[in-house]
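Trainee: This is the structure I want to talk about, given as structure tokens.
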Amino acid sequence: MGSRAELHTLLGGLSFLLLLMSGQGAKGGSFKESQGVCSRQTLVVPLRYNESYSQPVYKPYLTLCPGRRVCSTYRTTYRVAWREVRREVQQTHAVCCQGWKKRHPGALTCDEAICAKPCQNGGVCVRPDQCECAPGWGGRHCHVDVDECRTGVTLCSHRCHNTAGSFTCGCPHGLVLGPDGRTCAEGASEPPTSASILSVAVREAGREDRALRREIRELRGRLERLEQWAGQAGAWVRAVLPMPPEELQPEQVAELWGRGDRIESLSDQVLLLEEKLGACSCEDNSLGPGLSRRR
């Protein structure tokens with residue numbers, strides 16, 4: 001009797017442990033599947049829309065039946081018709097926990113972490129306010145440059161120069177940097193590397209970019225002056241013309257164009273006469289006979 005009671009107690013304890021383990025496993029799996037989701041809501045959304053369907057149409061007609069009798073029958077045709085449809089659909093809505101957000105409004109997961117201050121220098125926000133930095137950078141927001149030359153690891157055989165997010169190696173006089181970019185060896189200077197060529201190209205591109213920006217500024221200034229001149233010219237033309245330019249007929253435009261040519265010719269003649277008169281001078285500041293000086 002006692003052994004049976006002990007067995008019953010043991011089985012009950014095992015059942016409780018199995019139930020507890022299964023509950024923990026389900027809870028852990030649910031958390032892993034729904035990372036960043038605090039709750040889910042099922043909403044009933046009413047829909048109302050129009051849909052097309054094939055509507056039968058019965059058309060009667062007369063035909064000749066056996067026995068030379070006239071019979072009335074019908075044939076069925078179909079046409080496209082529209083009808084209003086109303087239905088309700090269930091839509092699941094996920095509520096994100098603090099520090100998480102959805103990749104798009106309709107997503108059912110909240111797998112994009114939020115960092116109050118953006119991760120810098122190629123860092124990625126992997127958990128709320130936690131950045132995963134790119135190699136060569138550290139700090140909470142990946143804003144601190146890691147000095148590889150002071151990590152205690154020998155990276156260069158001679159000289160190590162720290163750069164932003166990386167490092168470069170250098171060699172003393174008489175030695176050249178090897179193909180690995182870290183060790184130095186004796187030998188003639190190697191041809192320029194793609195990195196040095198790229199650096200020169202970048203500098204040239206920078207100069208060209210500055211020249212292009214300067215030219216763009218000059219062109220913008222010219223364009224502004226042309227627009228101002230065009231506005232003044234348009235106002236002058238509208239003041240001189242007997243009617244708005246858009247109401248002129250082709251023959252009127254041709255006549256005005258001819259007048260403009262004649263005015264330009266007369267203007268050139270007047271300018272020539274002014275130049276000739278400016279070159280004339282009288283001796284002793286005296287005028288010719290029959291001419292009197294105005295006072």
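A Cβ is built for glycine as well, from the same backbone N, Cα and C atoms used for every other residue.
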Trainee: Could you pull the disulfide partner of C160 out of C142, C149, going by Swiss-Prot?
Mentor: C149
Trainee: Swiss-Prot pairs C65 with one of C38, C71 in a disulfide bond, so which one is it?
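Mentor: Looking through C38, C71, the record in Swiss-Prot gives C71 as the partner of C65.
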Trainee: Say which of C110, C131 is recorded by Swiss-Prot as the disulfide partner for C119.
Mentor: C131
Trainee: From the list C115, C142, which cysteine is recorded by Swiss-Prot as disulfide-linked to C133?
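Mentor: Checking Swiss-Prot, the candidate bonded to C133 through a disulfide is C142.
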Trainee: Measure from the Cβ of C97 (disulfide bond) and count the other Cβ atoms within 10 Å, all protein chains considered.
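Mentor: Neighbour count, Cβ to Cβ under the 10 Å cut-off: 14.
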Trainee: Among all protein chains shown, how many Cβ atoms are found within 10 Å of the Cβ of C119 (disulfide bond), not counting that one?
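Mentor: By my count, 22.
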Trainee: Kindly state the mean pLDDT of the domain 'EGF-like 2' (145-185) in the predicted structure.
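Mentor: For the domain 'EGF-like 2' (145-185), the model's average pLDDT rounds to 87.
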Trainee: Quick check: in three-state DSSP terms, what is C110 (disulfide bond)?
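Mentor: Where C110 (disulfide bond) sits, the three-state DSSP reduction gives coil.
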Trainee: Taking the Cβ of C156 (disulfide bond) as the reference point, list residues of the same chain whose Cβ is under 8 angstroms away and which are at least six residues distant in sequence.
Mentor: C149, F167, C169, G170, R182, T183
